[in-house]
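> Take this structure first; my questions come after.
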Amino acid sequence: MHIQIKDVRKVFEGRGDEKVEALSGIDLTVSENEFVAIVGPSGCGKSTLLEIVAGLTEPSGGEVLIGRDPINGPHPEVGIVFQQESTFPWRTVLENVEFGLEMHGVGKKERRERSLELIELVGLQGFEGRYPGELSGGMRQRVAIARTLVMDPGVLLMDEPFGALDEQTRLILGDELLRIWSRTEATALFITHSIEEATLLSDRVVVMSARPGTTRKVVEVDLERPRDSSVVSTPEFGRLTGEIWEVLREESMKTLKGQERGGS
Amino acid sequence: MSFGAKVRLTRWAVVLAAIAALEVMPRIGFGDSITLIPLSEILPELFEMIASGEMTEHLLATGGAFALSFLLAAVTGVPLGFLLWRYKPLKRTLDPYLTTYYAIPIFAFYPLLLAVLGFNIWPIVFIAWAWAVVAVVMNTAIGFGEVPQVLTKVGKSMNLSRWQTISRIFFPAAVPYIFTGLKLGMVYSLIGVIASEFVLSTRGLGYLVSYSYVNFTTAAMYAAMLLILALAILLNWALGGIERRLYGNV
Amino acid sequence: MSDAAGHATSPAGSGARSARLDPVRIAQVLFPFGLLALWQVLAVALGDFFVAAPLASFGALVEGVRSGWLGENGGVTLLALVYAYGLAVVFGVVIGFLLGLSRFAYAVFEPIVIALYALPKVALYPLFLFAFGLGISSQAWFAMFFGVFPILIFTMSGTQNVGEVMFKVGRSLRLSRFQLFRSVVFPSILPSMVAGLRIGFGVTFLGVVLSQMFAAKSGLGFVLIQSVELHDMPQLYGLVVLLTLFAFVINGAFMLWERRLTRHRPETG
Ligand SMILES: Nc1ncnc2c1ncn2[C@@H]1O[C@H](COP(=O)(O)OP(=O)(O)O)[C@@H](O)[C@H]1O
Ligand SMILES: [Mg+2]
């Protein structure tokens, strides 16, 4: 299942009089089974773009296709993991993962089986009966990932799922994610603010410009798969991250300057 | 128009609409004309009662009981809260009781106090104090407890004495909480005073409402109600203003 | 919520194993007995014109059961309480939920509702007497007017604080409106709603007792005032303690419910 993003634009009729132009003409195609990461300065419209692909936000212009279907609402083949904490604190890990299946009327036995399988895949076996409040932030995000993956989506969208964690944990969870993803064969679109994480995970890294967001540069990551976080120390990895940082630095400076001028 | 401006405008519109309803409803004969009186007829009555001095006695009685009970609540509540914070086992012991304190119908004690202390100002002051003081105690204790640890470390690193640490670091850091406690204390003691006066007493604005109700002097009753509400709203508004300024500085 | 008026939800102690030997636990259990002892001492010291002894007060209640006035008036109070609380829950939850759904409505009404909560509403009781006449209806509507605000405020802020992301999860999983409400929104609101129900109950109860102290011919509030006039101290003390214990027990039950709901949530909003 591939994603086609065609000239997608978004203007928020925002709070107050001023309009916020979040995205100005994004074009991007993610092929079947490809892993694409998006990096960009904060506030450049990354989350907006992802939510448009997920059918949660309506674009002001352009269109998104999932496979052959134009998107105008949540698509059954698309799963999304959010930047914010999104597990249900009143449900156990197992009940969280079962949630989507339960809502769609999957029988108790089948949904339990599939959920346990995913809990194992994300490495949370032994924690099925725990509540999210008893887990660490990284474990909670893995619950959220399992809750999305259990629906067996052809397209997996992730919005800085490990954004709140420290760099080491993030790289280690990146390893986990690579392992999980290689088993699911989903097409993945992944947002992060970490250049290392983007490079480690993806086949291509898209660098977005400062707001209004456009694609500034696309960097091919030709590190061989399967890979893990040990590639971080290779010269090739350093060259790639350097290349990304060069562009990202420029865009981030623009964002900073804009803020200092008072137009946050 | 910005979100905030829209909100404020709508809020004022709602308030004005409510006031207008108070004026219009009696006029179009909602309810009977003896029991409901339009606002524009209550106001002159109120001014008349104030000007003639009829209100003075009650205003002074209510004001006196309110000031006294609140001052007592502040003077006893803040030190008690401090004590509770200093002696953790005491606080932990009393916590379940303090958290259920406002669940009990405190006002049921008023008749008891009347029987014990007699028909004077003291049962009123006592009940209003009892209503207010626990809010002051709890917020003071919470306020001291919420002082960030790093501030204590700053104090230690500067070799402050124990008294200096308390007066220069803990107390100022806890002020917003203590103020919240005092604000609630003020609101509660006013409610306590008015309720006591209303139910059984010989003077005060609350008494004036019930006395006028019993004697069918409806206009005077509404005037007293209006004055009570106006004073309470004024009080809340002033306290809110001070609080915003206080928190704005933190 | 800026509600620190003693409505905090975290009582002491959680370690179940060490609980048995914890001196704080022991002190907590002993505290009511301490109060009882103090009461007895005061009764002896001040004499029964001022303080009825615990035993005499208890006797007055027993006598009340036997002669029937306690059951009768207690029944009236209970009926008014159920009537009032039912109204308060329905109005508080429904209005609170609706106002909490919209960020705009919430911003407009939150300060108004909180201001209303803080007013000395007792003085408005005659309006209820005008509207509903003497009797249980006026008491119930007045007590409802007392108790509805905490329920409304807590439900409103609970609804407003359901994270945007929770709705997004629901939508991305293509839930129906009903599913979204039942399985996502309602469980999110529940803990804060129950806190509101608990505080609202206390305030409603206060409203009922208060209303029965004024222009009533029955109910426990009425009996309280009557006891003052007759200077029947045992009856007065007995009733006050009874009302306090009743409130304490119901509140405790609500707290257990609340604790069950928030047990697994260190960061409850
Ligand atoms: N619902 C909204 N209404 C108005 N402005 C919004 C809304 N959502 C996002 N924005 C604005 O759009 C821009 C892009 O936001 P977002 O996509 O969250 O950025 P990113 O995820 O890259 O940090 C920001 O300036 C943000 O303030
Ligand atoms: Mg984002």
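The backbone N, Cα and C atoms fix where each Cβ goes, glycine too.
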> Do you know which of B:2-22, B:128-148 TrEMBL annotates as transmembrane segment?
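My reading of TrEMBL: the transmembrane segment range is B:128-148.
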> I'm a bit unsure how to read this: which one of B:97-122, B:169-199, B:219-239 has the highest number of Cβ pairs shorter than 8 Å with the transmembrane segment (B:65-85)?
B:169-199
> Same chain only, please: residues at least 6 beyond the ends of the transmembrane segment (B:97-122) with a C-beta under 8 Å from a C-beta of the stretch. Say none if there are none.
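That would be 61, 64-65, 68, 130-131, 134-135, 137-138, 192, 195-196, 199-202.
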